[in-house]
Structure formats: structure tokens, C-alpha cells
Amino acid sequence: MLTVSLLTLSLAAYASAVATVTDANNFMDAVLHTRIPALITSEPILFPFATIPPFNFTVAGTNILTNRELQVNVSRGEIRGFSTEVKRVGDCMPPVLREGKTSIRCTLNFTGINATFDTHTRGDNIVASDKNIWVRASVIDTTGQFEAVAERGKQGNVHTFLVDKIHVKVKNDKALSLNDKRKKKFRQHFEDKVLTVLPQIFYGAYLHLLGAAVSSVPFPHV
């Protein structure tokens, strides 16, 4: 009877020491929602926003009677949401032991990160009016893969951080009068700019902060 009781206690102690899905979820949430927001305030590349340098482009006119070549001057772009919009999708995978290290894998969602642009245009109509308008580009339907690993008794580190194909939706001020063809080309320039800059940020400054955040949160081991 004593042997059975000791065995039961041993199994209970073992079970309580094994990390669960809940532990993995709590770890990921602490990294994303507690540590990243705290660390990001000391990262000038990301706080209070990431900056997109000025750029210019033109959109050809389509009808000499109604519009001219559209000249676009973007004086500033600001990307926000790195501290608030990155979230896990559902549950993380149960922590497992891989090559002597505990591994935590989660799918992340980047929807909601957005860029706003200070934009000056000329030529959307036949009189070539000068207009100061807003443009907003939002990340939609974009996920990524994350894995952190740690040896027992040591800090965790980022093993995998991969952002899947980034999707962006662009909207602009209704004060800008463009037909569908010109509107598509106009918005494409902003989409292309965001798709160029975001990966540089994700795999640069953000990944650096992610690593610091992971190493500062107690790691749940199996």
C-alpha cells in the first residue's frame, strides 16, 4: 500500500512538472503582450513608430479631357502596431523535447499592423489641383511561424521566426479623384513600399526584440 502511494505521488509530481499547452500559451502571451511592449520603447527604429523614408512616383493620365499625369510626393510614412497587433493564432503546440532542448512552437498573426502616409498629389483632375491626402496600408490575413527553444536551467532563444506571405490592403482619402485604373496603380505603389519595408523590420529590429523578450520570460520545460 505504501509503495502504491509513493508511486502515485511520484506520478503526480512528474505530471505537475511537465509543461502543458497552457504553459506554452502563457509563455507566448507574456513575450508578445508584456515584454515586447516594454522593450519596444527603447528601440528607436520602432518607437513610437517605424519610419518609411520619403518617396515619389507618377501615375500616367488616361484621358486628356478629364485628368493629367498624377504626381505623388510622399513626405513621410509611419508603421505602427508591432507592440499591440502581433498575436498567437489559437493554441501553441504542446512543449516537446528536441535534441535535449524544450521546444515551443506557435503560429502568429500579424493582421492589424498598419502604415499611414503624409501624401501630396497633383494632377488627379484636368486643372491639376494640389491636394494633401491621407493613405493607409493595413496588413491583413498574414501569419507566421515561431519556435523558441531552451536547455533546462538556461534562458530561451528564438529558433524560428518566419513571416508567411504578407498581404496588404490600401485605402486613401476620397478627396483624391481617380478612375479605377489609376486608383489601382496609385495604391500599388504604397503596397509595394510596405511589402519592401516590413520584411526588413520583421527580420531586423523586431526579431532582435523578440529574442530579448524570449530570453527574459521563464521558460516552461518538459
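Placement of Cβ uses the backbone N, Cα and C atoms for every residue, glycine included.
The signal peptide annotation in Swiss-Prot covers 1-17.
Annotation comment: Swiss-Prot describes Asn56 (among others) as N-linked glycosylation site, evidence class sequence analysis. According to its DSSP assignment, Asn56 (N-linked glycosylation site) is in a strand. Spatially close to Asn56 (N-linked glycosylation site) yet at least six residues away along the chain are Gln71, Val72, Asn73, Val74, judged by Cβ distances under 8 angstroms.
What Swiss-Prot records for Asn73 (among others) is N-linked glycosylation site. Following the DSSP three-state reduction, the secondary structure of Asn73 (N-linked glycosylation site) is strand.
Sequence-distant contacts of Asn109 (N-linked glycosylation site), defined by Cβ-Cβ distance under 8 angstroms and a gap of at least six in the same chain, are Val86, Lys87, Arg88, Val89, Thr142, Thr143. Positions annotated as N-linked glycosylation site by Swiss-Prot: Asn109 (among others).
The feature N-linked glycosylation site is assigned by Swiss-Prot to Asn114 (among others), with sequence analysis given as support. Counting every protein chain shown, the Cβ of Asn114 (N-linked glycosylation site) has 18 other Cβ atoms within 10 Å.
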